[in-house]
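Engineer: Would you mind keeping the following structure in view while I ask a few things?
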Amino acid sequence: MFISFEGCEGTGKTTHSSYLFEKLSKKYSCVLTKEPGGGLFNEVIRNILLHSYNKQIDFHTEALLFAADRAEHLSKLIIPALQQNKIVICDRYLDSTIAYQVYARGLSKDFVLNINNLALNYMPNITFYLDLDPKIGIQRVKQFRPKEINSFDLQKLSFHKKVRKGYLDLYQKDQQKRIFLIDASKSLEKIYNIIEQKLKEVFQIDL
């Protein structure tokens, strides 16, 4: 089973994916990972993409780096884990690329999907999209992880609004009902309960 967490900056993706991993690991064989990142090679790419000098990288180059990271991530970690019937929990996946590179950066959707062709064959069974006003999200970032601010955190509010629009469009056009929207302004406990209830309801996962 493949579970992903999506959302703009400061929505709690890392917090909730980590908590779910902790809960599920008590009863199931699980893997917690993230994008970009997830392996030695992936961490090198992550450092390039999230460093402040990323502002100088061409948007197509940036998208290709994300695609390279995902291809390596899939082949070395996600696919093997799924083949071993493990539950994979991923902090960001392909939806992030569409929201950020297509909606916010303005790249062609066809270009982005073509370079991420492998990922289209391994889409999550369920995606928890944590929705929040970008202004509040950035405030959270500055408050709770001031020493970990990356190149995307530094973008203008207008950029983050485009990202959110991208996510909302993906949610509204999701015919497979893969994406489950959660109001990220709710308390951590309420969000945990919503996630647990959805997994029990749809996949009969006992937490």
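Every residue, even glycine, has its Cβ placed from backbone N, Cα and C.
Pulled from Swiss-Prot, these are the listed features:
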BINDING   Gly7, Cys8, Glu9, Gly10, Thr11, Gly12, Lys13, Thr14  ATP binding site
Engineer: Using a 10 angstroms cut-off on Cβ to Cβ distances, just flag whichever of Thr11, Thr14 is the loneliest among these binding-site residues.
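Structural biologist: Looking at the binding-site residues Thr11, Thr14, the Cβ with the fewest others within 10 Å is that of Thr14.
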Engineer: I'd like the number of other C-beta atoms within 10 A of the C-beta of Gly12 (ATP binding site), please.
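Structural biologist: So the number of other Cβ atoms within 10 Å of Gly12 (ATP binding site) is 22.
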Engineer: Got a sec? Which of these binding-site residues, Gly7, Gly10, has the most Cβ atoms within 10 Å?
Structural biologist: Gly7
Engineer: Inside 8 A of the center formed by the CB atoms of Gly7, Cys8, Glu9, Gly10, Thr11, Gly12, Lys13, Thr14, which other residues of the chain have their CB, for the recorded ATP site?
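Structural biologist: Not counting the recorded site residues, we get Leu130, Leu132, Gly137, Arg140, Ala184.
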Engineer: Non-local Cβ contacts of Cys8 (ATP binding site) (under 8 Å, 6 or more apart, same chain)?
Structural biologist: Leu132, Pro134, Gly137, His160, Val163, Arg164, Tyr167
Engineer: Per DSSP, to which secondary structure element type does Glu9 (ATP binding site) belong, with helix, strand and coil as the options?
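Structural biologist: Where Glu9 (ATP binding site) sits, the three-state DSSP reduction gives coil.
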Engineer: Taking the Cβ of Glu9 (ATP binding site) as centre, how many other Cβ atoms lie within 10 Å?
Structural biologist: 21
